[in-house]
Amino acid sequence: MPDRDTNSSMNSHDDTYKCSLGSDDFILVEEVVSGRKTSTVEAVQGICLCMKQKLSKTVAMKNVRRRVPILKWLPCYTIEDGLGDIMSGVTVGLTVIPQSMAYAGLAGLPPQYGLYGSFLGAFIYTFVGSCKDVPMGPTAIVSLMTYSTLHGYGPEYATLLCFLTGVIQLAMGVCGLGIIIDFVSGPVSSGFTSAVALLIIASQIKDLIGVHGTGSSLWEMMCSLYKDINTISYGDTVIGVGCIVFLLVLRVIAEVRIGPTDPEQQSCVQKYTNKSFWLIGSIRNSIIVISCTIMSYMFISAQDEKNELPYKIIGTIPAGLPEFRLPQFTMQRNNETIGFFEIMSTMKSNVVVLPLIGLLENISICKAFANGKTVDATQELLAIGLCNIGNSFVQSFPGSGSFSRSAVNNASGVRTPLGGLYTSILVIVALLFLTPYFYYIPKTCLAAVIITAVVFMVEVRVVKPIYRSKKSDLIPGMFTFFACLFLPLEIGVLFGIGLNLTSILYHAARPKISIQEYKTRAGLKYLMLTPDRCLVFPSADYVRNLVTKHSLKRDMPVVIDCSHVYGADFTAAKVIEMLTKDFSDRGQALFFYNLKPSVVDVFRGVKPKELVFYYNKKELDRLLQKSTEQRYTMLQPLLQTK
């Protein structure tokens, strides 16, 4: 182990030369590993023991409670919890009904499919979800990803996509791959979210003004809208713009507060007034949709059937609950049977990207409302995976947690995930009894609901803090933003993540190396090089070149301080072997300080010619004295000849 006195004594020496090279952006972690080797029999026994322990932990009641969170909070459930959950569940239900129908249109599907995805998944999440504020259902981001995946194919493809999304998320959860989300940085996530928000707004303009628009990228949408601008419907435009204005006003009303800031100092009238303002603003989507539906019904009833409506309506929505059945794994298209793998090929990389986006959205919500608690990404993967699998049996498309509905849920005073049960009941009631009235809802009204929901997802406010904190982090964020705008969404987000990983790998390949000259008490000079992180294949040659370069400049013994080298691989070991051979061939001493036993084992695996390491100052003095004497002995014959 390192001798602390060694470092302090080294720093006390006269310093004649100092410099630093490479990146300094990594956090260093040290570990202590026993150097004893194990036999094959011991290794097999260890694996068997590990599997036995893993199995016992899996079936242990503690682990069951962890994976089925309802077993934790249900025994402690109170009447107050029930009242809070009912209030929040009904409020979220009034929000999710119009939103889900709007998001179904965003996904390129009939409105009823949004309702189909808003009850069973929310019910399942009640049992396996770890965050009380997450209401499962269709979301803006996942709906747009669904639209770009389906390529105009029917609801059967969307249902199969929902099943595949759930299976992939569930498999990732079983394998403990929730860590994948850690590779998506904040700037990349903000760039993706902002780009998607703009794409959603652009995609809804066609319904807002009543034109026929197509396209999946911003450029395609704008070109399509430009071509159809002459067919604009003034009836749709007036209704849509009016809905947007009223929704924004109601959003402001939700934040209005009268009386003192402290609720304890408010009178009963002030409290009820503030609560009413908040409730009106929270269910603004339902208020607007109900109002437009009533006005549309009255207008259509007063019109002659032969007259064409000046605005587009949703039309007939099938009444009742959807049929509970397996998704179709083969499709019929143009009197031709399309196999499962051919369907997968049409969906391309979105089959993998969409589950990750759903997880990213869900984890972001959990972190936002965690109040300092840890978020189990693996549990959330299991939960949303099961929810999507369940939704696929009721003919839904993929879903996740929604930011806007989570905010409403939290502000409504939700106490447990059981609030999702009451939301599910409200959606079921709507499917059973209210679908005949949905016929009259203007399409432009649902477009207004989407636009006002996503316009605040454009994260302009994060640019300034990122710029102040670390300007280079803006590069992957801005790159992701523009890539998602002008390229297919899945390609854009993969490019952003790839750029982020490239940045990480670059820093791993270029460690910071401190270079200092020291003198021992005996007056012997030596050069100390200190890498600040582990030696692995991207950085091995870089470190070797620097060591060689500076050792040739100064004809003196070289010490490599390995205090921060907590790991190494085969490539690094081969480089160290070549390095020790080079030093040995030219008669220059090379020593390794504070080399950890695990790293020593890796280096010794390639049998280097001369690997010398030490752990305290006295050893270094002895080694330097010995190397100086050996070198003097080697040079003595040459000096006598001269």
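Any Cβ shown, glycine's included, is placed from N, Cα and C.
In TrEMBL this protein carries:
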| type | residues | note |
| --- | --- | --- |
| DOMAIN | 535-604 | domain 'STAS' |
| TRANSMEM | 157-180 | transmembrane segment |
| TRANSMEM | 192-211 | transmembrane segment |
| TRANSMEM | 232-254 | transmembrane segment |
| TRANSMEM | 277-300 | transmembrane segment |
| TRANSMEM | 421-440 | transmembrane segment |
| TRANSMEM | 446-467 | transmembrane segment |
| TRANSMEM | 479-506 | transmembrane segment |
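Sequence-distant residue pairs (6 or more apart) of the transmembrane segment (446-467) and the transmembrane segment (192-211) include at least 3 whose Cβ atoms are under 8 Å, placing the two stretches in contact. Sorting each residue of the domain 'STAS' (535-604) by its DSSP state yields 41 helix, 10 strand, 19 coil. Note: the stretches the transmembrane segment (277-300) and the transmembrane segment (479-506) are not in contact (fewer than 3 CB pairs below 8 A, sequence gap of 6 or more). For the transmembrane segment (192-211), the residues of the chain that approach it from at least six positions outside its boundaries are 105-106, 140-141, 144, 147, 217-218, 221-222, 224-225, 228-229, 231-233, 235-237, 240-241, 311-312, 357, 443-444, 446-448, 450-451, 454-455, 457-460, 480-485, 489, 492-493, 496, judged by C-beta separation under 8 angstroms.
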